[in-house]
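Marked as compositional bias 'Polar residues' by TrEMBL: 1-18, 531-541. Marked as domain 'Major facilitator superfamily (MFS) profile' by TrEMBL: 49-496. The region 'Disordered' annotation in TrEMBL covers 1-24, 522-541. Per TrEMBL, transmembrane segment is recorded for 36-62, 114-134, 140-160, 172-190, 202-225, 342-363, 370-390, 402-427, 448-468, 474-492.
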Amino acid sequence: MATGQNTEGDANPSQPTLDRTLADFDPVKKPKRNKFAFACAILASMTSVLLGYACFPSYFVIDIGVMSGANIYIQDDLKISDLQVALLVGTLNLYSLVGSAAAGRTSDRIGRRYTIVMAGAIFFLGSLLMGFATNYAFLMVGRFVAGVGVGYALMIAPVYTAEVSPASSRGFLTSFPEVFINAGILLGYVSNYAFSKLPTNLGWRFMLGIGAIPSVFLALVVLGMPESPRWLVMQGRLGEARKVLDKTSDSKEESQQRLSDIKEAAGIPQDCNDDIVQVQKQSHGEGVWKELLIYPTPSVRHILVCGIGIHFFQQASGIDAVVLYSPRIFEKAGITSSNDKLLATVAVGFTKTVFILVATFLLDRIGRRPLLLSSVGGMVFSLATLGFGLTMIDHSDEKLPWAVALSIAMVLAYVAFFSIGMGPITWVYSSEIFPLKLRAQGTSMGVAVNRVTSGVISTTFILLYKAITIGGSFFLFAGVATVGWLFFYACLPETRGRTLEDMEVLFGSFFKWRSALKDEQRKSAGGDNGGQIQMGTKAQE
């Protein structure tokens, strides 16, 4: 009996230890949402709201909403042609290239936080210039100033949020810029409807100029945010980075691991633990473009193709054509009253806002790839069906109520599918895959492609649908989205649950990334049991 008791005594201590170890890696027990990181993401992403209202860019917030309604009244008041309207709508995206090209180097030099403040200041100036514009040339000057701000904000908001966020909630937090974009679109549509009651020469000026009011407040609030810990490490300010990571991580252990990973990525020895350390000053663009474009490693080349490709297909699939020109699409569908068209665009904004909120909660649970592929598949279907409905309306001599209803439903379906995947994932994915040293400049390249594509689509859409009919235009967009789906399926690996410093191992083999990932998992499983459990956790995070 004594032997039995001893055996039980020998067994009992090991069992609780095993239970505690498994509990530590239990994927069901997720850490609570980090409130400090949540607040930082909210503040940084609010730049998106100001961006849209101050500048009415073709993608950003309120402005898309504002521009889609304001251009009706601008054309009436300033007596400008369709071509001038197309240039007004589309050129801001080209102007934003100046901002996006400068934003990477600026954020590496002065920090991510002060770059957000700079973007807010430019929005303020651009908003005032457009609101007080007395003629078309004056309006275009304001649009140029606003475009520079657009480029800055499009790059810096997702990069800052990705660098501050813990891996467990990075998808959720980094999608916030898109949340505020869509909330801004909805507010812009409502603003259009409210100010449409004013005289024509005042209505559009209020639509565009009122965004200057909150931009000053936001710029001041952003100064209270912490700097990106990754930028601080690149400057050798380890003490400050440690404090920020302690506040934005889910646990003390994760904070220490994140700091260790960032130091390794920045080339700082692990035994350097002083608050201030000397680092090689390579953070202002020296050698970065060479590593990105001239002598990229296979991993960097794959990352660059994915980062640029996802931005290209986001815009080339026609989102700006649908959102900016939604009043004209509804007019083609048979809605002739200006008020009815604006109310229909409010429905578009409401749909986008609801579905982007749904997407934020799915990114870290389902993953980037499943959401993206489902989203783009739905976009292909809705674009093709919209093209069919509009073609039937064009070729009919009498009103077809079923085709009108189908076209309106497909516009709403398209923005819903876009907002639940393609919209937010583009910014989340492109801001998290680049290595630390190349992140700012690499992201700015993706933004530049995004803006050029957006500018081309929004500037030429009127000419396009006059050349191949409006139905044919959406069949074309459906074809582009189909190519995009194939590209995403073949080339984009899943990034959910990985730290920013752990991304590079996923890339480098293009179409064979699945085999590379399996090889990595086998190598990790070939170690001790702890390594095997850790990989299982990463896959499910």
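Any Cβ shown, glycine's included, is placed from N, Cα and C.
Remember, it's a predicted structure, so these values are computed and weren't measured experimentally.
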With pairs restricted to those 6 or more apart in sequence, evaluate whether the transmembrane segment (448-468) and the transmembrane segment (342-363) have 3+ C-beta pairs under 8 Å.
no
For the transmembrane segment (474-492), I need the partner stretch with the highest count of C-beta pairs below 8 angstroms, choosing only from 202-225, 342-363, 370-390, 402-427.
370-390
Best-contacting stretch, by C-beta pairs under 8 Å, relative to the transmembrane segment (370-390) and drawn from 202-225, 342-363, 402-427:
402-427
Under 8 Å between C-beta atoms and at least six residues away from its ends: which parts of the chain pack against the transmembrane segment (402-427)?
158, 174-175, 177-179, 181-182, 310-311, 313-314, 317, 319, 322-323, 326, 329-330, 332-335, 344, 347-348, 351-356, 358-360, 362-363, 368, 371-379, 381-383, 385-386, 388-390, 392-393, 396, 450
